[in-house]
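J.: Pulled the feature table from Swiss-Prot, pasting it below:
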type	residues	note
TOPO_DOM	1-54	topological domain 'Extracellular'
TRANSMEM	55-75	transmembrane segment
TOPO_DOM	76-135	topological domain 'Cytoplasmic'
TRANSMEM	136-156	transmembrane segment
TOPO_DOM	157-173	topological domain 'Extracellular'
């Protein structure tokens, strides 16, 4: 059996817990680029795709999942801007000012916990998308990347920068 067409049932000697005598449909796994639609799996055997409709739903879901990751990134930036806008000029005093400039906004423990939770959600989501793309299914890769592209287009226009005001000390003319 070639690696490019290996099924989960053919991997019974590899500790996957399935037997080669199983009559149930199996996942077609490939370590090479593939365009499998039927009997493809993403992430786990429980995400087994055995119909065209399930595959279409999965691919559309992957697309919107990638878009949502970029949306989550926007929510993170909006929360950071909200913290800065509501900081009321709170900065550190005393010996800690040596390590943290006075222009730095310092967040409360609760704000930092929320920021950490949002970052962890972003990181987990991006990792899951990476694992889905590592199925080497061309459709999953294509729709994952197109979803990220559309998501960036929709949600990242605020990251380009701000127009120059001419007040900077080191602006080039």
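These residue numbers are counts, starting from 1, taken along the chain as shown.
Even glycines carry a Cβ here, placed using N, Cα and C.
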J.: What residues in the same chain, six or more past the boundaries of the transmembrane segment (55-75), come closer than 8 Å to it by Cβ-Cβ distance?
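T.: Answer is 37-38, 40, 42, 47, 49, 118, 121-122, 125-126, 128-129, 132, 139-140, 143-148, 150-152, 154-156, 158.
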J.: How does the model score the topological domain 'Extracellular' (157-173) in terms of mean pLDDT?
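T.: Here the predicted model's pLDDT, averaged over the topological domain 'Extracellular' (157-173), is 60.
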